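A short write-up of the structure that comes next.
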Amino acid sequence: ESVNRTVVSQFFLKGFSGYPVLEHLLFPLCLAMYLVTLLGNTAIVAVSILDAHLHTPMYFFLGNLSILDICYTSTFVPLMLVHLLSSQKTISFIGCAIQMCLSLSTGSTECLLLAIMAYDRCLAICRPLRYPVLMSPRLCLLLAGAAWVLCLLKSVTETVIAMRLPFCGHHIVSHFTCEILAVLKLACGDTSVSEAFLLVGAILLLPVPLTFICLSYMLILATILRVPSAAGRHKAFSTCSAHLAVVLLFYGTVIFMYMKPKSKEARISDEVFTVLYAVVTPMLNPVIYSLRNKEVKEAVRTVWGRRKACR
């Protein structure tokens, strides 16, 4: 009771304010990456809708991933860009809660969606004859919908528990977003319940899906090795390595952030890693998952040709 508890109306997002040179370097870099993320993922969604040849489970999940990447980066990058150029780096209490919830929800959904996409590729390569039956449109909607809804409910619960804690002392968040671990460091109440929820969620959404992805790709590689054509094997190996690169980049940095031992003091490396998994990965996804795909390139040419013909 001796702790001075105050009603919090806003938080100050410290971010990179102690590194003004770094802020000026990060602004054009993050702005460019955000614009590429928006343009690339919007193009994937548009083409997958407009071209009937891409109305398949693979491109349905790719479209979901692109929408998710747009939502994920848009929860914090625009405000981060404003704060990089401004000395007023504040966010309201409600705004902080909304940003926290949406970031948790979209990030968690991406973990599950990457696992679903690996399962889809595993069925397509290992069970090609039964693939249309096994991966039906109804199952696609069920898997994607369940990932979005369950992760939203999980994130709302985690956010409500965290933001109902009493906050005291300074209200400076040692991060450039309302990241839940950074906000919890400001709480002067018992954070064990919130930390327990986060730990369970981290276990269910990080090691479990990652293990499933690795097992799926092991089955894929075992099937590819039985392909008699050297060219076919090389193409499949190249595709798998590209997919795994994005998966390992995303999961590796997230696991580092949420499952490493807690530190009393904030580190600049934490924020650099956050930028890595939250900005770079969504930018690379359109390139690695789709733009290297001949079907997508052909679909882009078809849609663009159709548009020019209409003019």
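Cβ coordinates come from backbone N, Cα and C, glycine included.
Curation does not apply to TrEMBL; its annotations are automatic.
Look at TrEMBL and you will find 25-47 (among others) tagged as transmembrane segment.
The domain 'G-protein coupled receptors family 1 profile' annotation in TrEMBL covers 40-289.
Summarising the annotation, TrEMBL assigns transmembrane segment to 59-85 (among others).
When Cβ-Cβ distances below 8 Å are used as the criterion, the transmembrane segment (91-119) is approached by residues 8-11, 13, 58, 61-62, 64-65, 68-69, 71-72, 75-76, 79, 143-144, 147-148, 150-152, 154-156, 158-159, 162-163, 173, 177-180, 183, 201, 205-206, 209-210, 212-213, 216-217, 243, 246-247, 250-251, 254, 278 of the same chain, each at least six residues removed from its ends. If you look up TrEMBL, you'll see 91-119 (among others) marked as transmembrane segment.
If you look up TrEMBL, you'll see 139-157 (among others) marked as transmembrane segment. Within the same chain, residues 57, 60-61, 64, 101-102, 104-106, 108-109, 112-113, 116, 197, 201, 205 sit at least 6 positions outside the transmembrane segment (139-157) and bring their C-beta atoms closer than 8 Å to a C-beta of that stretch.
Here TrEMBL flags 196-224 (among others) as transmembrane segment.
Among the features that TrEMBL reports, transmembrane segment is placed at 236-259 (among others).
What TrEMBL records for 271-291 (among others) is transmembrane segment.
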Short question: which residues 6 or more past the ends of the transmembrane segment (59-85) have a Cβ under 8 Å from it?
13, 15-16, 23-24, 26-27, 30-31, 34, 37-38, 40-42, 44-45, 48-49, 91, 99, 102-103, 106-107, 109-110, 113-114, 116-117, 120, 140, 144, 176-177, 278-279, 281-282, 285-286, 289-290, 296
